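S.K.: Pasting the relevant annotations from Swiss-Prot:
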- 1-24: region 'Disordered' (REGION)
- 32-309: domain 'Protein kinase' (DOMAIN)
- ILE38, GLY39, SER40, GLY41, ALA42, TYR43, GLY44, ILE45, VAL46, LYS59: ATP binding site (BINDING)
- ASP167: active site, proton acceptor (ACT_SITE)
Amino acid sequence: MINGEQTMVEDELPDQGKPMSDESADIDIKDLKVGESIGSGAYGIVYRGTLFNSDVAIKKIQNEKSEKNEFIKYLKREVAVLKNIQHPNIVQFIGVYYEPLASPSLVNRLLNSSSTWIVTEYIGGGNLHERIKDTKKDFPIELRIKLSLDIALAMAYLHSRDIIFRDLKSKNILIDDSSSPIRGKVCDFGFARILNKKQQGNRHLSICGTDSIMAPELILGMEYDESVDIFSFGVVLLEMILRKKVSKVLERGPQSAFEIDQDSARQLIPDDIPVLYSDLALDCIKYQPEERPNFSHIIHVLKQLTSLFPVVHTFDNPLSPTSSPITPRKNSLNSPFTKSMRMNSFDFNLSNIVSSTSVQNNLKSQNLNFTLLNLNQINNQDLNENNNNNISNNINNINNNNNNLNDCNSNLSSSTSTIYNDSQQTIIDEDELDKEEEENRNKVNNLKEKMLLVMGEFDIYINKVGKELLLVSEEDHISQKYDECRKVIEIKKVLGEVIESDMSNSQQSNTPRKNSNVTNSRVALFLKSMERSLNEIYSSSDVLKQRIVKEDDLVESLLLARVVSKIKKIHLSSLDINN
């Protein structure tokens, strides 16, 4: 029990998810200054400090003898993950320091240290849990969506590097309010797991994390993959939507196989929450792992939402790179303000210049017979010259206008001829369009024949595979059918993407209702999942065939042909689905 939250851990495979070495990450304790405590996490206390006069966060982890094995695994996992990742939405790792015992051993400093200090960048905006809980402060939907996207980007990065986080919760999301806009950052990788792709067969992964955000398959001790992080992500989204801890408002337990009831969750969602956002959260917490979206899809949806609900960049943050708008320097000779001042500050009328007493005295001292009358005469002469020039210009303009009129008459004659020629060309173009439409209809009909032929072959395949999968009665058989199971899941996903809008009537039954009479064995859960997936494939396949028959547009038919091609590639493959 850590900080009032249950954490479950089991033994793992040897050396899996552990670092090769952490020597390169060592820091000198002399350069590190420890300040006040700012929080606590699993296995340690977090302090604010400085390293080379820069603010840092220091997690000091005590080496408890009673939990030595768990501590070593926890610590090695965190250092291994942090050392090998770098992302703008993940807290940046700086280094590690092992505090030695009274008589340190040079053989293994980790085992013979009284505590270990993990140093990361300092994020001063608190964590997401605090922001959600403090209902007195405004938490605009724009910011919730922005932070959701930040988390999703971080998780997609981790999954691309074969890392399962396994403890994604609002307390592990720090808010960086020194950037503009505010940015979310994932932290605390003590339960993260680096997958070993060379390991074949069943994955005997450990059970760990905080049970209130854990996926059902993780709690039940079944095999799991990256989709457990997607479930936890959905819980975090729900907490941001409800501004409450999900475990306190939605009941989940053994009687429901630890499912979060979708209908109950939907009833709690406020009316002002965008439907696209709430639907995404509910999709992520679906009971069956294969029904949850991946982070690529999640990011796509959240980017759509951020375009609809953008976060406004503020300029009140002195640390923000966008805090000071670029303005021209006040002493710049080329600035619009300076140019305007220069032009408006001078009067070029000579009479105004000479009318001043100082200028007249200066002229007299130089024996210049320059009077105001002379100046007025000069000004009048200039005015007359300007008027004469204007008259000449007007005469030229009249002549030009006459020439333009003659040109217009000529253009009118040529336009009449062009209109006749265009009408002839239009008739030719219409004939060509008719031919093109006929060709497109023939192409569409050919595509229909080929697609329906492929779908007929697919029906035979899926009926055969479906019967075999539903006859599974032992856990060993599940492993033997692993390839076909993955094919079923991939086919369902492909079909779901193209006919989702036509399956609205079946959306209400997406999440299975469970009761205490259901056996929660691995085989029972597998059969229920497969039966549901197969039923969705059968329905989706029928809808797809109907669309193929009805579609007359060439572009839409080509899009459907791509879907059919994907389905064929999957069921004919020897399961290289990821390519």
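Just so it is clear, glycine is given a Cβ too, placed from its N, Cα and C backbone atoms.
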S.K.: Please report the Cα separation of SER40 (ATP binding site) and ASP167 (active site, proton acceptor) in Å, rounded to an integer.
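M.R.: Checking the Cα atoms of SER40 (ATP binding site) and ASP167 (active site, proton acceptor) gives a distance of 15 Å.
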S.K.: Report the nearest neighbour of ASP167 (active site, proton acceptor) in space among the binding-site residues ILE38, GLY44, VAL46, comparing Cα positions.
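M.R.: Nearest by Cα distance to ASP167 (active site, proton acceptor): GLY44.
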S.K.: Tell me whether GLY44 (ATP binding site) sits in a helix, a strand or coil according to DSSP.
M.R.: strand
S.K.: Count, for each of the binding-site residues ILE38, VAL46, the other C-beta atoms lying within 10 angstroms of its own C-beta, and report the residue with the smallest count.
M.R.: ILE38
S.K.: What does DSSP assign the residue listed as 'active site, proton acceptor', in three states?
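M.R.: SS state of the residue listed as 'active site, proton acceptor' = coil.
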